[in-house]
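Worksheet: one structure, shown below.
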Amino acid sequence: MGGHRKSSAPPPPLSASPPPSRLSRFWSSATRARALPPPSDSSAVRTLSADALVRRLGLLDLVLLGIGASVGAGIFVVTGTVARDVGPGVTISFVLAGASCVLNALCYAELASRFPAVSGGAYLYTYTAFNELTAFLVFAQLMLDYHIGAASIARSLASYTVTLLELFPFFKDNVPSWIGHGGEEFLGGNLSINMLAPIILAVLTVILSQGVKESSALNSIMTATKVIIVIIVIFAGSFEVDISNWSPFAPNGTKAILTGATVVFFAYVGFDAVANSAEESKEPQRDLPLGILGSLLVCVLLYIGVCLVITGMVSYESLGEEAPLAEAFTSKGMKYVSVLISIGAVAGLTTTLLVGLYVQSRLYLALGRHGLLPGVFAKVHPSRHTPIHAQVWVGVVASILAGLFNVRVLSHILSVGSLTGYSVVSACVVVLRWNDKSANENSSRWISSWQEGVLSLFIVACSGFVAGLCYRVNAPLVFSLAAVIIALVASVALQYRQVYMRAVSFSCPWVPIVPAICIFFNIFLFAQLHYEAWVRFIILSIITVGVYAFYGQYHADPYADETIVYRRAPQEEVQ
């Protein structure tokens, strides 16, 4: 009897642990991260998969992709508008901003060469270096920039296209505003109908959906056209340069040059698009770093050339506001160059919009694969090898925004995503260089070495924001110097209290100093943005955490993409 009772009765729940609470489950999910595969492991791919992209992009394609994303119509406008405030010293502004972007590009280049060649870019780097929730937050900030930016660029492209058409007498003054110029406003300006912008977006979406070969060909043609036009503009303008216009070189002082650098920094944004093409690059570990740095250096040279020409042709005080470069050539009797500038602006905006839509779809693809977004975004067309659903989605969102709203009024809340992404990528370089063994062994009683390093990075970022605020409100110099000194102390702690491994392939120099400089300056720029941009950052972060809490944490799988096969293009196409 006793034996039978003992065998049939369930064991007493003495060691049973209570089920995890919602908060503990949320924290466990939010703080999990991907492991970085060893260099010899090419993404641990072993089986074929239908959800794979195809490798068709060579080094030249990647360089043109980066140039296409960075150089838009702004090269014909921003150079002149900033020169009106800075003077001929605007060239130094572009040099300083370009140097800062080169440092950011070095960080991107190291991670692009170190990671498995899969889609994701900054989001994927953050997922590995930090955790799932931080990666999701980076994605959200980047994606809002991309969505609003694509709609705004589409409206600008529609306007430039109509301007180009109006060069022909048939179209002169016969194109209504609701087609391309601005838009027909309703409901007190809350709605602004523009028909041409959604049509342009639809055409580009169809091209991108056809395959990376077709979209890359269009980008290469338009980017080559744009670069050739810029070179012609520089060459033609150089014969009209009067060196006396370069004196005084800094009429408004060195502070104006520094302020100009904070403004023109965003003219270089776009080189990071190359990192998002990793899964479609033929030789990603070799070509991605070269593509990122090569495209940025070409952009720096083009911007400097245009700056020297525009400030040398006419006095900076006489530069116009709407189309300064075109007006400068018109004043010299070279109206044909103004026509070339309009063509270059259309080509520039087309490539910027094309690459922007391309990058968005690849980011959605990555999150769809990992389960942070619905799996429909992870679907890849079986024959065209494009993320068709993600591509159509980003095209539809941009078309709705561009067709119904004057999104250009939201331009002051843009750039938050870019600065956030650049800062986090720089931090990823530092974190992924730490020796894991030292992080576990060299810990004090109350904080681990890893936590101490992250705290140091956070102090550098906060110091950059304080220095930026002090600069913005013209606070006494002592406050800015104090912020810089605190950042230096944190950087020294990063240098001497952490053990760093050597990068396997491309190596960013002087880690952690270079990444720390990037973080400081990026957050310094963040402090220069409109206060509504800060509000947007906070509100979007709260919404993103909510989406993650109710959906992402229950569906995410950090290693869901490790069964994807990364196909090469057919041999005849590679050759």
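In case you wondered, yes, glycine gets a Cβ from its N, Cα and C as well.
Small disclaimer: the values here were computed from a predicted structure and weren't measured.
Listed features, source TrEMBL:
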| type | residues | note |
| --- | --- | --- |
| COMPBIAS | 9-21 | compositional bias 'Pro residues' |
| DOMAIN | 506-555 | domain 'Cationic amino acid transporter C-terminal' |
| REGION | 1-23 | region 'Disordered' |
| TRANSMEM | 62-83 | transmembrane segment |
| TRANSMEM | 90-111 | transmembrane segment |
| TRANSMEM | 123-140 | transmembrane segment |
| TRANSMEM | 191-209 | transmembrane segment |
| TRANSMEM | 216-236 | transmembrane segment |
| TRANSMEM | 290-316 | transmembrane segment |
| TRANSMEM | 336-359 | transmembrane segment |
| TRANSMEM | 388-407 | transmembrane segment |
| TRANSMEM | 413-432 | transmembrane segment |
| TRANSMEM | 477-496 | transmembrane segment |
| TRANSMEM | 508-527 | transmembrane segment |
| TRANSMEM | 533-551 | transmembrane segment |
For this session: Counting only CB pairs under 8 A, let me know which of 62-83, 123-140, 533-551 has the most with the transmembrane segment (290-316).
Result: 62-83
Seminar exercise, completed: In the same chain, residues at least 6 away from the ends of the transmembrane segment (413-432) whose Cβ sits under 8 Å of its Cβ atoms read 36, 104, 107-108, 110-111, 114, 122, 125-126, 128-130, 134, 138, 141-146, 148-149, 152, 266, 269, 272, 450, 453-454, 457, 461, 494, 508, 511-512, 514-516, 518-519, 522-523, 525-526, 529-530, 532-533, 536-537
Seminar exercise, completed: Of the listed stretches 123-140, 191-209, 336-359, 477-496, the one with the highest count of C-beta pairs below 8 angstroms to the transmembrane segment (533-551) is 123-140
For this session: Please work out whether the transmembrane segment (477-496) lies in contact with the transmembrane segment (388-407), by counting C-beta pairs under 8 angstroms that are 6 or more apart in sequence and asking whether there are at least 3.
Result: no
Exercise. Excluding the flanking five residues on each side, which residues at least 6 beyond the ends of the transmembrane segment (123-140) place their CB within less than 8 Å of a CB in that stretch?
Worked result: 29-36, 111, 115, 363, 366-367, 370, 372, 420-421, 424-425, 427-428, 431-432, 540-541, 543-545, 547-548, 552-553, 556, 558
For this session: Look at every Cβ pair spanning the transmembrane segment (388-407) and the transmembrane segment (62-83), keep those 6 or more apart in sequence, and say whether at least 3 of them are under 8 Å.
Result: no
Exercise. Which range out of 90-111, 191-209, 336-359 gives the transmembrane segment (216-236) the most CB pairs under 8 Å?
Worked result: 336-359
Exercise. If you count Cβ pairs under 8 Å, which stretch among 62-83, 191-209, 336-359, 508-527 touches the transmembrane segment (90-111) the most?
Worked result: 508-527
For this session: Give residue numbers and ranges for long-range contacts of the transmembrane segment (62-83): same chain, 6 or more residues beyond its ends, CB-CB under 8 A.
Result: 90, 93-94, 153, 156, 160, 216, 219-220, 222-224, 226-227, 230, 233, 260, 263-264, 267-271, 273-274, 277, 281, 287-288, 290-292, 294-296, 298-299, 302-303, 306-307, 310-311, 316, 319-326, 328, 341, 344-345, 348-349, 351-352, 354-356, 359
For this session: Would you mind giving the whole-number mean pLDDT across the domain 'Cationic amino acid transporter C-terminal' (506-555)?
Result: 95
Exercise. What are the DSSP helix/strand/coil residue counts across the domain 'Cationic amino acid transporter C-terminal' (506-555)?
Worked result: 39 helix, 0 strand, 11 coil
